[in-house]
Amino acid sequence: MESSRGKPGLNGSGGGAAAFDYSSRRGYYTGAGAALPPLAAGSRAPPVDPCCVVLRVFVLLGTLASAVVMAADRQSTTVQIAAGEELAPPLRVPVTAKWTYSSAFVYFVVANAMVFAFSAAALAAVRRRSAVVPVMVGDLVAMALLFSAVGAAAQFGLLGERGNAHVRWAKVCDVYGPFCERAMAAVVVALIAAFADLVLLMLTILTIHKASSYY
């Protein structure tokens, strides 16, 4: 009479069958009848790269500084306007420059504030494995926001610094010198933060690539 034999199962059931755990993509070979090793405490949390944390903090502080400096940028001064008559004294007119007068600067402040809020949320979720991919996608969006905001603000700043002779737009930074200097300082800090976000995104992709069990 034919003796019955246990068929090897996926979880190690069956007489003398080798167990194979499919909890990971590579699998874990346990040998005949061997028990699976217990998961170490905290093994569900992804490894934290100190460089990524430092870059994230820099992006957080850089976007905060850029948004605050630009949002607080304001200057009031007086300009002289020549009167119609040659012998009449020039008129002194008070004028004010504010970041809200430029849609490019408004977009710059809003974009930096959004990236700051995202960076704070990403730091809070740094130990969550389920947040790795959403944070990576968010970094991509944040980087695009920062570079576009920097480009818009820098273009408007250069227009105020140099003017445009083709359309007869006069430069205004000779009148609003401190205003332009603070605005360009905020743009430079945001540009550095954007490059830091780019490096952070590349490190995150490299970390996921190394940790993936397909490679």
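The backbone N, Cα and C atoms fix where each Cβ goes, glycine too.
Taken verbatim from Swiss-Prot:
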| type | residues | note |
| --- | --- | --- |
| TOPO_DOM | 1-51 | topological domain 'Cytoplasmic' |
| TOPO_DOM | 73-103 | topological domain 'Extracellular' |
| TOPO_DOM | 125-130 | topological domain 'Cytoplasmic' |
| TOPO_DOM | 152-185 | topological domain 'Extracellular' |
| TOPO_DOM | 207-215 | topological domain 'Cytoplasmic' |
| TRANSMEM | 52-72 | transmembrane segment |
| TRANSMEM | 104-124 | transmembrane segment |
| TRANSMEM | 131-151 | transmembrane segment |
| TRANSMEM | 186-206 | transmembrane segment |
Checklist outcome for this item: Long-range CB partners for the topological domain 'Extracellular' (152-185) (under 8 A, at least six residues beyond its ends), listed in sequence order, are 69-70, 73-75, 77, 79, 95, 97, 99, 102, 104-105, 107-108, 191
Next on the checklist: Is it possible to list how many residues within the topological domain 'Extracellular' (73-103) are helical, extended or coil according to DSSP?
Outcome noted: 4 helix, 16 strand, 11 coil
Checklist entry - What residues in the same chain, six or more past the boundaries of the transmembrane segment (186-206), come closer than 8 Å to it by Cβ-Cβ distance? => result 49, 51-52, 55-56, 58-59, 62-63, 65-67, 69-70, 73, 108, 112, 115, 132, 135-136, 139-140, 142-143, 146-147, 149-150, 153-154, 157
Checklist outcome for this item: Per DSSP, the topological domain 'Extracellular' (152-185) contains 20 helix, 2 strand, 12 coil
Checklist entry - Of the residues in the topological domain 'Cytoplasmic' (125-130), how many are helix, strand and coil by DSSP? => result 2 helix, 0 strand, 4 coil
Item to check | For the topological domain 'Extracellular' (73-103), the mean pLDDT of the predicted model | outcome: 79
